[in-house]
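The active site, charge relay system annotation in TrEMBL covers B:LYS149, B:SER225. Residues annotated as active site, acyl-ester intermediate in TrEMBL: B:SER249. What TrEMBL records for B:LEU199, B:SER225, B:ILE246, B:GLY247, B:GLY248, B:SER249 is substrate binding site. Feature annotation from TrEMBL assigns domain 'Amidase' to B:93-560. According to TrEMBL, the feature region 'Disordered' maps to B:506-528.
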Number of protein chains: 2
Amino acid sequence: MTDIPVPFSDVIKDIQPEPHLPWKEISERKRADRQRYLERRAEWLPKQPIPGSQKNVTTVVRVELTAEEFAIVCCDATELVKKMSDGRLKVVEVVRAFCHAATIAQQLTNCLSEICFDEAIKRAEELDEHFAKTGRPVGPLHGLPVSIKDHIMVKGLDTATGYISWCYKSVAEKDAVAVNILRKAGAVIYLKTNNPQTLLSLETDNNVYGKTLNPLNRDLTPGGSSGGESALIAFHGSPLGIGTDIGGSIRLPAACTGLYGFKASVGRIPHAGLLGSHDGMDAIIGVLGPISRSARDLSLFCKVMLEYEPWLVEPPLLEIPWKQEVVEGVGIPSRLSFAFLWDDGVVNPHPPIRAALERLKRQLLAAGHEVIDWIPIDHRYAWELITKLYFLDGGEEYRDVLADSGEPPTPQTEWILAQVPNDGQPFSVPEIFKLNLEREKFRVKLAEHWNQTKTRTTTGRPVDGIISPCAASLAPKHAGTRWWGYTSYWNLADYPAAVFPVGRCDPHDGADSEENNTAPVAPTSDGRNEFETYWEPSLYKDFPVCLQLIGRRLNEERVLGMLNILEHATNVNANCPDIRS
Amino acid sequence: MTDIPVPFSDVIKDIQPEPHLPWKEISERKRADRQRYLERRAEWLPKQPIPGSQKNVTTVVRVELTAEEFAIVCCDATELVKKMSDGRLKVVEVVRAFCHAATIAQQLTNCLSEICFDEAIKRAEELDEHFAKTGRPVGPLHGLPVSIKDHIMVKGLDTATGYISWCYKSVAEKDAVAVNILRKAGAVIYLKTNNPQTLLSLETDNNVYGKTLNPLNRDLTPGGSSGGESALIAFHGSPLGIGTDIGGSIRLPAACTGLYGFKASVGRIPHAGLLGSHDGMDAIIGVLGPISRSARDLSLFCKVMLEYEPWLVEPPLLEIPWKQEVVEGVGIPSRLSFAFLWDDGVVNPHPPIRAALERLKRQLLAAGHEVIDWIPIDHRYAWELITKLYFLDGGEEYRDVLADSGEPPTPQTEWILAQVPNDGQPFSVPEIFKLNLEREKFRVKLAEHWNQTKTRTTTGRPVDGIISPCAASLAPKHAGTRWWGYTSYWNLADYPAAVFPVGRCDPHDGADSEENNTAPVAPTSDGRNEFETYWEPSLYKDFPVCLQLIGRRLNEERVLGMLNILEHATNVNANCPDIRS
């Protein structure tokens with residue numbers, strides 16, 4: 001315990017005490033502040049105008065960046081740290097390259113919120129100086145630029161979290177514990193990224209900055225609520241970002257942009273120092289985690305977080321040190337047994353997702369692993385239950401924060417607030433106890449369901465992991481996201497889940513089927529067919545497809561270890577929808 | 001995963017559907033049922049009448065039992081298991097000896113609730129048969145009789161939990177997970193023990209069976225809420241019992257009777273399958289754990305519980321396998337640093353407790369360990385906060401269950417319901433969120449306070465453990481228990497805490513001090529002096545004194561490992577206030 005992190009205590013500062021500017025004026029100021037900051041570094045602004053009609057903007061970075069910069073932003077975090085830690089790259093070069101790419105990403109996808117390039121470059125210079133003097137990195141993330149989702153506190157920066165009423169009133173006087181550890185490990189914080197109003201959205205839109213766009217197709221959402229992260233990372237404007245997930249908010253953005261994302265079980269990864277509604281609500285708890293461009297970066301992040309024994313300062317964290325050897329395969333059987341969740345029985349997945357599952361199944365079987373079907377249980381019920389847990393107060397706090405500034409709800413906020421149960425009234429204390437019990441009963445039933453798979457495997461063990469879609473559709477059109485069930489189910493279960501890319505959308509993946517074209521994703525039971533509209537094959541040409549690997553509670557290392565085995569066995573990594581491919 | 005426990009699902013049966021007998025009649029029936037059961041085995045009833053005026057009845061067992069039986073009931077659980085597992089003792093002999101002792105314990109201390117001697121003896125015969133056939137024990141607790149606190153479900157037995165309205169209406173159709181594991185491990189369930197009305201009492205009194213008495217002095221309480229356990233075990237009517245603790249309910253009974261007790265952090269020891277008020281309340285969660293007559297029995301219990309991977313069937317449990325090697329000293333420094341909590345700043349401890357702390361400090365220093373003072377923080381605040389968390393519903397559910405049968409509150413229920421905050425009204429959802437936050441802030445502050453002890457140790461480490469009184473007084477007179485702060489504080493913190501005996505009350509321990517005699521335990525700040533009345537030196541002649549060893553969250557093995565070192569270094573075990581001494 002020589003270098004434990006600083007405990008978080010939520011001190012925030014109000015830098016603009018006038019309480020009641022019209023909300024649009026506050027928004028205009030925020031946007032102008034951000035643009036002014038970027039324009040001070042004219043050399044990083046796009047040299048060529050990109051027409052709004054250009055939907056896929058991922059190639060712009062190759063054109064705009066120098067060859068050296070481009071080579072840098074194509075590395076994953078692990079590679080960058082290695083190169084800076086042995087002196088092959090200067091931290092300043094790396095930080096500048098990502099600042100440059102992020103500046104362009106902002107112009108094209110509207111993915112940033114707060115920016116601190118100056119401090120980042122100053123810190124980069126210090127790190128280079130340290131390395132020059134000692135020949136050694138300062139820590140396991142020496143020089144790595146890391147992007148931070150807006151609602152995670154970064155000392156000195158505003159934490160508006162997509163709410164007008166928090167703009168200029170939420171300057172963090174302390175770093176979140178995860179940010180504090182990042183800094184101790186040598187990472188460089190250079191910006192924060194956009195998140196949606198209320199955070200309870202799987203897209204990224206708010207009245208402060210507006211919508212964040214998907215760089216792969218700007219007509220589509222990059223997902224949410226960590227959608228500023230996914231847009232930025234997919235654009236190569238960040239090698240590694242931290243997001244949060246209480247219903248899919250790390251995993252869906254990763255899935256919408258062909259990236260990796262990891263939601264651990266509650267209590268493993270530092271989580272103190274977030275600003276959001278419903279602070280103190282612990283019926284269902286969110287998780288902080290990484291979004292990255294490689295599987296190994298997911299474990300790098302987790303490993304570093306736990307190296308600093310954060311449980312000594314953040315009491316809800318479990319003292320379970322990170323078992324990197326498990327990630328590297330120790331204790332994982334060479335022949336794995338996977339259960340495939342093809343369809344959750346509520347909304348059936350788009351043809352390309354189904355096709356990706358089928359392809360992965362063939363690859364796993366060919367590599368000698370076992371695949372059985374996962375029998376879905378209680379997916380609709382799980383959604384009904386988790387929405388009750390999300391809104392124990394009947395949604396009052398969300399409505400109040402919006403009312404404070406007079407800002408209107410975004411379309412996604414409107415949609416989620418329409419899901420509020422109990423007629424928008426708070427639950428009583430006995431009702432809350434009953435809901436907690438229902439959650440526990442769901443978890444018992446699910447655990448037992450998993451245990452019982454041992455009767456269907458040839459190994460005699462229960463299955464090692466579940467492979468599932470991340471959502472029923474690929475990245476939806478803006479304001480079109482509906483069914484969270486493929487991700488939120490695992491928050492209710494509190495199981496770790498990694499999202500990983502498995503290749504690109506094949507035009508033959510059902511797109512040629514007349515039947516699939518007409519109603520491929522009609523919900524199976526509630527009669528609405530709003531999901532149908534998503535599937536327009538032309539939108540998803542060459543679009544990346546991600547899947548989700550789920551493990552048992554607190555088996556984070558095992559999930560990432562299995563992901564390694566899976567990628568090795570199937571060579572899916574070669575299909576990684578990276579800008580390089 | 002060959003033999004994981006059966007998941008618990010709370011099915012209960014109503015064996016007496018008539019809803020509204022007068023409560024006294026229900027009580028009379030329960031008491032008559034129990035007595036009738038015991039009288040079927042006339043050979044186990046006390047042969048000699050014991051006058052009510054005989055306060056200390058612990059010696060009776062020596063007179064009543066045969067020499068062979070007495071030798072058996074003097075063993076701790078570890079020794080018994082060893083002897084049954086290598087054939088030196090028959091399970092039937094052991095079970096019968098404890099049934100005999102328990103029968104007498106019931107007559108003298110009123111400690112039992114439900115009894116299943118017949119099933120126990122039948123099971124004992126099966127185990128002996130198994131051993132005769134295979135030469136091997138069935139599991140790590142082969143043949144061990146284990147007593148179970150009333151509110152823990154045992155298949156086929158009523159779970160009235162001290163409430164008249166649950167009598168004959170709460171027959172468990174399944175075992176609690178801990179009970180299921182006990183059976184798998186070879187333990188023999190032979191009875192259940194009394195617990196107080198509402199369970200929220202550190203004594204043991206209810207309208208079903210009445211008060212349980214302390215066998216060391218029947219004018220005193222054996223503590224509670226696991227006071228049926230402590231009375232029985234102190235009388236040698238059980239080698240090992242399981243209780244539960246949400247404010248001190250394992251630790252205080254152990255302390256009141258000179259035994260060992262262990263409260264782990266939440267999530268380590270199986271807890272599913274309890275009947276009690278406030279099911280589903282998780283703002284503050286209770287813990288199931290052992291009461292025993294040796295330190296090694298505490299770890300035996302925990303080790304066996306986790307051998308069966310209960311996290312696979314009980315989702316709130318953490319997958320942290322039991323590290324027995326830590327209990328045995330691996331990773332524990334040879335020179336330990338202890339912080340002594342002399343006084344919590346609210347109610348100062350009785351002279352003999354202070355004297356026991358001073359003696360232990362001298363012994364630890366002599367053995368080369370370090371001792372510093374623990375600076376108390378927020379003890380009164382912690383009590384105010386935890387009572388809010390106990391009564392989020394304003395106490396409504398407790399009042400309702402009493403009203404159901406028309407039974408009156410016991411004096412201890414009256415006292416605790418008088419502590420209900422918020423004028424007996426339920427808290428609102430935003431208030432509950434705020435209380436959860438207050439709990440987390442308390443935990444952060446306490447963790448940091450512990451971290452900072454590193455500035456005061458010579459090792460450069462924070463202290464390894466805290467030594468504290470278990471209560472301000474030795475076992476109080478019936479209905480006299482008030483200040484829970486010395487135990488409930490560690491429930492709010494969620495730190496593991498072991499209670500252990502350190503010797504007997506010395507008549508010179510302050511009893512000769514005029515000053516101490518007059519007002520030894522006046523509360524230091526609230527002006528009441530009801531605590532004064534407890535300290536009557538004559539009541540506590542030769543009475544055992546216990547202390548509490550507290551470790552950091554989830555460091556259960558480390559606490560028990562330090563307890564071993566402490567006992568070894570100070571030879572306190574030799575002072576164990578056992579009937580043998």
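Cβ from N, Cα, C; glycine included.
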- Query: Rounded to the nearest angstrom, how far is the Cα of B:LYS149 (active site, charge relay system) from the Cα of B:ILE246 (substrate binding site)?
  - Reply: 14
- Relative to the Cα of B:LEU199 (substrate binding site), which of the active-site residues B:LYS149, B:SER225, B:SER249 has the closest Cα? B:SER225
- Since the record lists B:SER225, B:SER249 as active-site residues, which of them has the fewest other Cβ atoms within 10 Å of its Cβ? B:SER249
- Message: Can you tell me which of the recorded positions B:LYS149, B:GLY247, B:GLY248, B:SER249 is spatially closest to B:SER225 (active site, charge relay system)? Compare CA atoms only.
- Response: B:SER249
- Query: On the 0 to 100 scale, where does the mean pLDDT of the domain 'Amidase' (B:93-560) fall?
  - Reply: 93
- Would you kindly give the Cα-Cα distance separating B:LYS149 (active site, charge relay system) and B:SER249 (active site, acyl-ester intermediate), rounded to the nearest Å? 11
- Query: Just how many other Cβ atoms lie inside 10 Å of the Cβ on B:LEU199 (substrate binding site)?
  - Reply: 28
- Query: Helix, strand or coil at B:LYS149 (active site, charge relay system), per DSSP?
  - Reply: strand
- Message: Take the mean position of the Cβ atoms of B:LEU199, B:SER225, B:ILE246, B:GLY247, B:GLY248, B:SER249, the recorded substrate site. Which other residues of that chain put their Cβ within 8 Å of it?
- Response: B:LEU200, B:SER201, B:LEU202, B:GLY224, B:SER226, B:THR244, B:ASP245, B:ILE250, B:LEU252, B:GLY286
- Query: Over all shown protein chains, what is the count of other CB atoms within 10 A of the CB belonging to B:LYS149 (active site, charge relay system)?
  - Reply: 28
- Distance [Cα-Cα, Å, rounded] between B:GLY247 (substrate binding site) and B:LYS149 (active site, charge relay system): 16
- How many whole Å apart are the CA atoms of B:LYS149 (active site, charge relay system) and B:GLY248 (substrate binding site)? 14
- Query: Including all protein chains shown, what's the count of other C-beta atoms within 10 A of the C-beta of B:ILE246 (substrate binding site)?
  - Reply: 24
- Message: Give me the count of other Cβ atoms within 10 A of the Cβ belonging to B:GLY248 (substrate binding site).
- Response: 31
